[in-house]
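Listed in Swiss-Prot:
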BINDING   Asp93, Asp95, Asp97  Mg(2+) binding site
BINDING   Cys94, Cys112, Cys119  Zn(2+) binding site
Amino acid sequence: MSQLIFNQPSEDKSALEDAGDFTPRFDDRGLITAIVTDAGDGELLMVAHMNAQALALTIQTGTAHYFSRSRGKLWKKGETSGNLQTVKEIRTDCDQDAIWLKVEVAGHDATCHTGRRSCFYRTITLQDGKPMLDIVDDELHFDPQDVYGK
């Protein structure tokens, strides 16, 4: 499979906003933000980043790939845990500088490395004048120790 090549974005704003060529606007590190939701119920699952290779692989294979900023490498989401993300729809915003993936999650139906369905399992509240985190989704779909050995 040959890698997709993305053309440079147009300087013409209307070309970015209309139908036609998909010309993603990667940041100065070569990344684009990816928002990921469940294709069935719309729950926000995660926010990640993609480089051109990850975006191309995602489009070509229908399986979500990302670029790990902390590890500095490409990663196929769910490759270790079995919680692969099958992409049902990809959208971009008006500036083509963010991607929205609607996915179905295989395996344990978990997206977060903590074993939860979503990476957004905590709320931020103000307690005694201090911002604090409260867990609102404590249901583990898998044990990270068993899957990752951590």
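Every residue, even glycine, has its Cβ placed from backbone N, Cα and C.
Sequence features annotated in Swiss-Prot and their locations in the structure.
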| residue | record | DSSP (3 states) |
| --- | --- | --- |
| Asp93 | Mg(2+) binding site | coil |
| Cys112 | Zn(2+) binding site | coil |
| Cys119 | Zn(2+) binding site | coil |
Return only the integer: C-alpha distance in Å from Asp97 (Mg(2+) binding site) to Cys112 (Zn(2+) binding site). 24
Note down the number of other Cβ atoms within 10 Å of the Cβ of Cys119 (Zn(2+) binding site), including every protein chain shown. 17
Take the C-alpha atoms of Asp93 (Mg(2+) binding site) and Cys112 (Zn(2+) binding site) and report the distance between them in angstrom, rounded. 24
Distance [Cα-Cα, Å, rounded] between Asp95 (Mg(2+) binding site) and Cys119 (Zn(2+) binding site): 26
What is the number of other Cβ atoms found within 10 Å of the Cβ of Asp95 (Mg(2+) binding site)? 12
Students should find that the Cβ of Asp93 (Mg(2+) binding site) has, within 10 Å, a number of other Cβ atoms equal to 14
Residues near Cys94 (Zn(2+) binding site) by Cβ (under 8 Å) yet at least 6 apart in sequence within the same chain, in sequence order, are Leu16, Glu17
Between Asp97, Cys112, which of the binding-site residues has the fewest other CB atoms within 10 angstroms in the structure shown? Asp97
